[in-house]
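Here is what Swiss-Prot says about this protein:
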type	residues	note
DOMAIN	8-282	domain 'tr-type G'
BINDING	17-24, 81-85, 135-138	GTP binding site
Amino acid sequence: MARQYPLEKFRNFGIMAHIDAGKTTTTERILFYTGRNHKIGETHDGASTMDWMAQEQERGITITSAATTCFWKGYELNIIDTPGHVDFTVEVERSLRVLDGAVTVLDAKSGVEPQTETVWRQADKYGVPRMIYVNKMDATGADYYNCINTVRERLQANAVAIQIPIGQEDQFQGMVDLLTNQAIIFKDDLGKDIEVGEVPADLADKAEEYRAAMIEAIAETDEELMMKYLEGEELTLEELKVALRKATINNEIIPVICGSSYKNKGVQQMIDGVVDYLPSPLDIPAVKGTNLDGEEEVREASDDAPMSALAFKIATDPFVGRLAFTRVYSGVLESGSYVLNSTKGKKERIGRLVKMHANSREEVESLEAAELGAVIGLKNTTTGDTLCTEAAPIILEKMEFPEPVISIAIEPKTKAGQEKMGIALSKLAEEDPTFKTWTDQETGQTIIAGMGELHLDIIVDRLQREFKVECNVGAPQVAYKETIKKAVEAEAKFARQSGGRGQYGHCKIEMIPTEGEYEFENAIVGGAIPREYIPAVDNGIREAAESGIIAGYPVINFKIRLFDGSYHDVDSSEMAFKIAGSMAFKNAMAKADAVLLEPIMKVEITVPEEYMGDVIGDVNSRRGRMEGMDSRNGAQIIRAFIPLSEMFGYATALRSRTQGRGTYAMEFDHYDDVPKSIQEEVAGKKNK
């Protein structure tokens, strides 16, 4: 089938924002204006098309990123909706991996918020070109210019206004387009009746000032334009737009525009901005991967290249079962064909291919290079896996996901629910790589772990709603870790003689504290331990490290150097060396000044001035470490690092301290040593 839209007419982009900045409403409006939605869905009523899981509709937040295709002025737009709540940053990370550009939505009265920073850092990591849309210009306290300043200060980004608002708060009527130097005024509620005219007289000076700053910023990114600009020549609209597009794609400029999605003002201009300034698949570097020989290989975005695609999300649909959201990077993915899942080394049959529109589906015969869609019928594919042709295997860059920081015990209310719960949990773990589930060896309880309390609340909610499993839930537990403070040497000998063949393994190790992942170095010389037994020592140590000596938590940040040992011709075996390895590890840890580590959260608390002292006192009582304070719109913002164990139930405490006016956001930051007194308390509880 011939391609309907050439590659340069594609825009794969995401919409990212802090919770409540109006991201879902903005996406809704894009779907409305691009003709895919006849009635606008409102998030307040729980009727929005992008938020299609029942929990999202109740809570009014977006949890699952859905990829939606729509069309605008001869362009195909694929919108990847990303959640703005910090517990779901993995979804954001995952969407950023497959999109080419992004629109960051800011709330006009709050500017840059904590989650905006998190998402911005993730977008920096993947080098995603972006533009900023300052939403809610009609809200009380809206301040466009303050927003631009917060972007420059807190995100260290070169934000350049290409529009300025005409009126704000309830007087917001439209905007001045600084490129064309014209006013755009909205005359009706649906944003269909637009009047373009002269810049209002009272705004002329401000428009002139911001237009001059914009032209200078654009000229600075292009030598030819800079020369013309310095010689005092007028730069044409076309020259400015071409240079601005290039500068945005190169991450040199972040264009800033404004609007009110809820009031239908400025959304069409934002879609025009996506087309004008965000990259097509041809504007970004070709995707890299490794072939089976471990050599780097590049795949160009072209239908003629060998097929390669990345499954970036697995979801369970009540009607068709398992959907694998996929982006095709090169070649053509055809329904009914066989492909190789190169990450797992398994063949897969492509059942049906569908393009998603929020919650409805359109079946297609094929997905071409740069297209996004969902594959039905894949058995072994999970998030982050590569699909490719067998003739030209490639593994695209693997996605990395953070480890969970909080866990709870969960049990079904009825015996019959046990098996149902097991199946449901494994399905949910397949969809979400930051959600883990296992059985506690000591208590036999089922444990679920995730990125925060809301994350686990939603998992329990889905168990009840989608899988009809009623559960009892235990109190949240912190994912402590253990580590060592000094390098030590230790040895262990495992020798057993009980009639017939004995067991013999003996090893000497050095255990060294590090900052990174576990490392095992084989420093045996002269065959003190035969080569075939070395992996057994490593495995013994890995297993022993799952349960440290303080309170049985996993041990991290250490390196093992195996430097000596001995063996017996007859009695030595892999099992004996595995046991010797785990004994040596325990002996080493006992001498190495072991400490308990706890997850420390980066917390940002927003409170009215009068509650400041009270809230800071409370932060200190929670072992918090103050990082700084700002004021924004008459509210104080307190930034601190607080141990996760002290944050349970904080929402309620903050509400009662501030009469419901305080809010907070937190995200995992790092692990740190637990004070001695608390270490003893944790160990005492665990070892009871």
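Each position is counted from 1, following the chain as shown.
Glycine too: its Cβ is placed from the backbone N, Cα and C atoms.
The number of other CB atoms found within 10 A of the CB of Asp20 (GTP binding site), across every protein chain shown, is 18.
Look at Asp20 (GTP binding site): DSSP puts it in coil. Within 10 Å of the Cβ of Ala17 (GTP binding site) there are 28 other Cβ atoms, across all protein chains. The average per-residue pLDDT of the prediction over the domain 'tr-type G' (8-282) is 83, rounded to a whole number.
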